[in-house]
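Novice: Would you mind keeping the following structure in view while I ask a few things?
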Amino acid sequence: MRYGNWEVDKERHRERVGRLRNNGGTSRPLYEHSTSPLIEAIRTETHRAHQTRGSRSRAHKELPNSRGEDHQRVGYDAETNRLNGVTLLFTEPSDASMPDVRWRLCAFQGGEVLNEPSLYIHRQTCYIFGRERKVAHIPTDHPSCSDQHAVIQYRLVEKEQPDGLLKKQVSPYIMDLGSTNGTFINGKRIEPQRYYELMEKDTIKFGNSSREYVMFQLINKVRHHHTNSDKVF
């Protein structure tokens, strides 16, 4: 069973691109020049990550998430769309694909970086957020969060390049799964059952929780063969 509008939120993407072009053609987010404590913390964390990227082993740096990705399909029944006995509120789209960029989420609260490991979210095609630990890859335990709150989905979509040509590339998208208290990107609540593209340094918040997650990407890319067999569900 599928829920909601599975089309790419091109309007949000065009608006963002237009604002970037009006900012002198730079590809950097407009708020990179901000002096807010949160953005300063982001700059510090990004600089630290790039400095230590070559000096720490991958095994030490990429701590596993709450559920082992090596067993991502265990307990899933494709016929009923149930995982560990729980019916999922979405199915992966046909353009689901493994990311070729090492994306991670860094947790902040009150403008300060939390003293906990970053969440590396490049090992599978989607990640579910929510309170139901039978299905959530990344649990969100705040009481205002729903059991299946939102999902980050990687999709292989056509993107317009600076030269005007279209090229397929894998990008992260987020969709609110009809949660009670909403999902927020950069402080703005998004519509449920609709994919929104995520970009580096976007801030994600779930429900009324004060915890925020910021999207980062590491420089080195992941090599994958993009096939439907890579899909989690």
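The backbone N, Cα and C atoms fix where each Cβ goes, and this holds for glycine too.
According to TrEMBL:
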{"type": "REGION", "residues": "46-74", "note": "region 'Disordered'"}
{"type": "COMPBIAS", "residues": "49-59", "note": "compositional bias 'Basic residues'"}
{"type": "COMPBIAS", "residues": "60-74", "note": "compositional bias 'Basic and acidic residues'"}
{"type": "DOMAIN", "residues": "127-190", "note": "domain 'FHA'"}
Novice: Averaged over the whole of the domain 'FHA' (127-190), what is the pLDDT?
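Specialist: Here the mean pLDDT over the domain 'FHA' (127-190) amounts to 96.
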Novice: Run through the domain 'FHA' (127-190) and tell me, per DSSP, how many residues are helix, strand and coil.
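Specialist: The breakdown for the domain 'FHA' (127-190) reads 0 helix, 33 strand, 31 coil.
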